[in-house]
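One structure below.
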C-alpha cells in the first residue's frame, strides 16, 4: 500500500513537534479527501483564494495548500506561462487548444491569473482518469492482502509450519549447515552488527516492505486494495507521472497541417509555456510543518546524516524510480569503496614502513657512494650527485614496492565484484519496485528535432506508431554530419594533447632553470640562500607539482569548452529521440573528458622516459631533449599528477562549484531582491517552486559522468595511487548529501520518471574495468621498478638481495664523448671523466659501446612476460567471478517465479468465485489484520536482512512496516 506521512498532533502552542512517523492505512480506515490549508514555516498561507476550510479534517500527508480552491481536488501538476510579446495571439491560441484537449481527456484545470508576470494553470487528475491510464500503461499496483493471505493459508500453511518446526527443532533430521556456510553466516551477522550505527532511525522511517502486485485492470478492480478515499490510492509520484504522460500526447494546434504540434515539451520549446512541474509537498526548513520533503531533508539531505545509509524507498516514493536508482547506485558504490580504502591504506602504511629501511633507497642516499650523474640538459646544466635525489627516491618507495602488485590485482577484482554485486542489487531493487517487467515506451520525436525539420519535405512512416515523420537520409544527410561531428571531436582531443605537450615543455624548461639556481643566486641573506637551496634540492618535486596545477587549470577550462561544443555537435546531428540524444552526448562528453583528464597521466605512465636516448645522443622533439624520469623512477610523478588532478577536480567541481557557488548566487539574489517580507509571505506554493531552478533532464547525466570519471581514476591507475579509494570515499560521502540537498532544496520537484537500470553507464563502467587491467599491467611493468628489482634479485644479485641494485641500474658515459656544444659549462664539481645515467647499456670500455646490454633484454623480456601473465590471470579470475556470481540471486529468481505463479492462481480463483456469483466486495480492507504474521511479504534478500536484525519478530524498531 502507498506510504503516507502522519504528523504528530499539535496541542496548544506546540512549536516543537513530536517525531513524525509513517503509517499504513487500509480502505476501511481511509482519510477524508478534504484538507485544511496550513501555515508554512514562515507564517504565510499558501494560497489566498477560495472559501475557508477551517472545519475540515486535515489530510495528514499535506501541510501546504496543494489543492484547488475547493480544498478537495489535489494539484498534480503546474503549467506556468508568461506573456509572449513577439507572438501573443499564437501562444494564447496554442494554450487554449492544448488546455481544451486536456479537459477532453478528463483532466481538471484551475487558473491563477492575478495580473502578475507569471500565470499558472493547476492540473488535477480525477481518479477515473488515473484508473484508465493505469490500465492502459499496465502499472503494477498492490493486490488485496486478504486474497494473498487466504491463498497462502490454503497452499503453503502446512509447508511453512513444517519449515518453522524444522528450523526450531534441534533434533531435526535436517543436516547441519556446512562449516563454510556457518562461517559465512557468522561473518554476515558480524558485518550487520557493525553497520547498525550507520542505519537511519527506523522509528521515524519504518521499513518499506513489498506486497503482492499485478498489472492494474479496471475490469478486475476487486483484486486491488482501494481505500474509501480513492484519491489516496495512487501515490503522488504516480499521479504526476500519469499527468505528464497525458501532457506529452495532447495537440495544441487546431489544424492537421502541423502533425507534430503536440506535447508539453514542444510547447516549452516553442515558449508557449515557461515551465511545467509537479509541486513540492511542503517546506524543508527547520520549524516547518512535517511533510515528505522535510522528512527527506531531515533524515537524508541534512549534513548530520552524512554517515548514515540512505532511505532509498522514501526517495523513490517522492522523486520516482530514476532518481532513486541513481542514489541507490551511488550509495552502493560508496559502500564498496570501504574495503578498497582499507586495503589502500594498508598498502600505503606498508610503503611508509619500508621507505627508510629499503636497501636500494639507502644506497641511493649514501653520499659515500659518490655517484656523479650526467647533466639533465645540454651545455647549461651541471653534473650532479645521485644522493641529491634522496628525498625523491624515498617518497617513490612509498608507492613503488611489492604491495603495489597486490593492490593492482585487488582493485581489478574489486572492480569486477562491484559490477557483479551491483547487478544483483539492481535485480533486487527492480523486483521490490515492480520494475522487472518494465519496458520503456516508444519515444516520440524530440521537439527540437521537429522544429528543425518543420519544413522538411522527405517523410517516412514510423513502423511502430504508423505516423509519418520527417526522415533524414543516412548517406546524403546523416553521414556527412556524423563525419564532420566526430572529426571535430578528434580535433578537440588533439587540443588536449597539445595542452599536455605545452605542459611538458614547461616541465623541461622549469627543471633546467632550477638546475641553474646555484650559479645565479648569490645573496647575503640567509633566508634567500636557504630558500634557493631548498628549491634546488627539490627541483623535480617543484616542477612536477606546479606542472600538475597548470594542467588542472587547463583541464577545467577545456571541460567548459568541451561541454558547450559537445551539445552543439549533438544538436547539429539532429537526433530523433531523447534516448538517441542522451547516448550521443554521453559518448561525446565522456570521450572528451576522458582524454582531457587522463592524457597527461597516460603520458607520464607509459611514455615519459621511455625514448630519451643516451648522453651524447639524445632523441629530440622540436629541437629539445625529451623528459627523463628521476633517479627514483616516474611512479612518484605519476602519483603526484594523479593526486592533484583527482583531488583538485573533487575540491573545485564538487565542493566549490556545487556547494559554494549556489550559496553565493542565492546570497546575491537575496541582496538584490526588492521584495518585502509581506510579498514573500503572500506567495503561493506554485510561485515559490517556480522560483527554484528547473530540474533538467541532464541533471543526473552530469552526476553519473562525475562518478564514472572517478571510477576511472580509481581503477585505471590504482597501482600508482593506493590512497585514491580514500579520497573517493570522502568525496562520495559529501557528494551524496550535496546531491540530496540540491534535489530537496534548490530544484523544482523533478518528474517521477521510471527506469529499470542505470542505462549506458553500466557498459561504460565495464569498459573502464577492462581498460584498467591492461593499464595496471603496463604501469607495474614499465613505470615501476618492480620488474627490474625482481630480475636483479633472481639473476644478478649474489645473495638474492637488493644490495648493489642502484649500481646495476646505472650505465657509464665517458664525458669526452660529449659534443663540444653539449659539454657542461659548469664544472663546480671539478673535472668529471665519467658520469652515470639510468639505463641498461654497455659501458664505454666494452664493444660495442653504449649498446643495449644483456640485462636490458632480460628486463624487457620479464616486463613483457609479466604483462601477458598479469592480464591473462586477472582476466581469467574476473571472468570466473562474473560466471560464478549470478546476475539475479537464486532466492530472488525463485521468488519472482513463485509470485507470478501465486498471482496467477489468485486471479484464476478469484475469477472463478466471481463467476459463481460470490460477492467479492466483501473482501475489503476491514477484514485485514494488523498482525504482521497474517500479512505476506514476498521473501527476498532485504526481508531476510530485516528478520536477521530482529529474529524474534522480524520487525523494525518501530514494530511497523510500510507496504507498497
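Using the three backbone atoms N, Cα and C, a Cβ is placed for every residue, glycine included.
The compositional bias 'Polar residues' annotation in TrEMBL covers 949-964.
For 67-312, the entry in TrEMBL reads domain 'Anoctamin dimerisation'.
Annotated domain 'Anoctamin transmembrane' per TrEMBL: 315-899, in sequence order.
Residues or ranges marked as region 'Disordered' by TrEMBL: 1-58 (among others).
Positions annotated as region 'Disordered' by TrEMBL: 941-964 (among others).
Long-range neighbours of the transmembrane segment (323-352) within the same chain, counting only residues 6 or more positions beyond its ends whose Cβ lies under 8 Å from a Cβ of the stretch, are 309-310, 312-313, 315-316, 397-399, 401, 403-404, 406-407, 410-411, 414, 417-418, 421-422, 425-426, 429, 433, 700, 703-704, 707, 711, 714, 718, 722-726, 728-729, 732-733, 735-736, 739-740, 743, 750, 752-753, 755, 757-758. What TrEMBL records for 323-352 (among others) is transmembrane segment.
Annotated transmembrane segment per TrEMBL: 403-422 (among others), in sequence order.
With a threshold of 8 Å between CB atoms, the same-chain residues lying at least 6 positions outside the transmembrane segment (481-505) that come near it are 547, 550-551, 554, 558, 561-562, 565, 569-570, 572-574, 588, 591-592, 595-596, 599-600, 603, 624, 627. The transmembrane segment annotation in TrEMBL covers 481-505 (among others).
Taking Cβ pairs closer than 8 Å, the transmembrane segment (548-569) reaches residues 485, 488-489, 492, 495-496, 499-500, 503, 506, 585, 588-589, 592-593, 596-597, 600, 640-641, 644-645, 648-649, 652-653 in its own chain, all 6 or more past its ends. Feature annotation from TrEMBL assigns transmembrane segment to 548-569 (among others).
Positions annotated as transmembrane segment by TrEMBL: 589-607 (among others). A Cβ distance under 8 Å defines the sequence-distant neighbours of the transmembrane segment (589-607), meaning residues of its chain 6+ beyond its ends; these are 489, 492-493, 496-497, 499-500, 503-504, 548, 551, 555, 558-559, 562-563, 566, 634, 637-638, 641-642, 645, 649, 705, 708-709, 712-713, 716-717, 720, 764, 775, 778-779, 782-783.
Look at TrEMBL and you will find 708-730 (among others) tagged as transmembrane segment. Using a Cβ-Cβ cut-off under 8 Å and counting only residues 6 or more beyond its ends in the same chain, the transmembrane segment (708-730) has close neighbours at 333-334, 337-338, 340-341, 343-345, 347-348, 351, 399, 403-405, 407-408, 411-412, 415, 590, 593-594, 597-598, 601, 605, 635, 638-639, 642-643, 645-647, 649-650, 761, 764-765, 768-769, 771-772, 775-776, 779-780, 783-784.
Look at TrEMBL and you will find 760-782 (among others) tagged as transmembrane segment.
Taking Cβ pairs closer than 8 Å, the transmembrane segment (860-885) reaches residues 408-409, 412-413, 415-417, 420-421, 424, 769, 773-774, 776-778, 780-782, 787, 790-791 in its own chain, all 6 or more past its ends. For 860-885 (among others), the entry in TrEMBL reads transmembrane segment.
Non-local neighbours of the transmembrane segment (403-422) in the same chain are 329, 332-333, 336, 339-340, 343-344, 346-347, 350-351, 711, 714-715, 718-719, 722, 762, 765-766, 768-769, 772-773, 776-777, 779-780, 784, 786, 870, 874, 877-878, 881-882, 885, 887; each lies 6+ residues outside the stretch with a CB under 8 Å from one of its CB atoms.
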